[in-house]
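These come from TrEMBL:
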- 125-149: compositional bias 'Pro residues' (COMPBIAS)
- 150-161: compositional bias 'Low complexity' (COMPBIAS)
- 22-120: domain 'Phytocyanin' (DOMAIN)
- 180-197: transmembrane segment (TRANSMEM)
Amino acid sequence: MGSAVATALLLFLAAFPAAFAVTFKVGDISGWTSNINYTDWVSGKTFRVGDTLEFIYGPSHSVSVVDKAGYDGCDSSGATQNFFDGDTKIDLTTVGTMHFLCPTFGHCLSGMKLAVPVLAAAPSPSTPSSPPSPPSTPSSPPSPPPSASPPTNGTPDSDTLTPPPTPLTPSSPNAASKGVMSYGIIGVTMILMYGLMT
């Protein structure tokens, strides 16, 4: 029984990873540094609007956001943003290719530059875009059924009570409804589920 639940959980997580935003550590364990082939690093990864790039680097490096011409020519003079803090997180907010380079002399020319193709955000679980329209009301109110009349002793009978209808409202645009979730939370959940099943 436990392995069936674990298998179902793993299949669910494997089927829906694109629905969650991802933080990519540029260069993985090496970080943003010299002597890394960032073209190879990008290969096989899918970047989407809503994801984040995290650049971790030492004091001899920095990050400049440039256009394609700046990227191709290793020229940061037209950079739209420059970062020097050693741990830079850049949210991917638009579809298209984003270009980054290290403006330290010689670093970009030796390969310290990155072109990231950004795709549209993955579709999130379906949420209503507008509340459903209310049912049409008849022109004259219906007469109450006999069981809906008040009891003779003044105390309502539990069989005749019906709860009021719950109003339908669209989901709030919180992080969960936008599909933003950390893979770390998923990993912890998987570990806890595995621990409970063994």
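Glycine is treated like the rest: Cβ placed from N, Cα and C.
Broken down with DSSP, the domain 'Phytocyanin' (22-120) shows 14 helix, 35 strand, 50 coil.
Computed over the domain 'Phytocyanin' (22-120), the whole-number mean pLDDT of the model equals 97.
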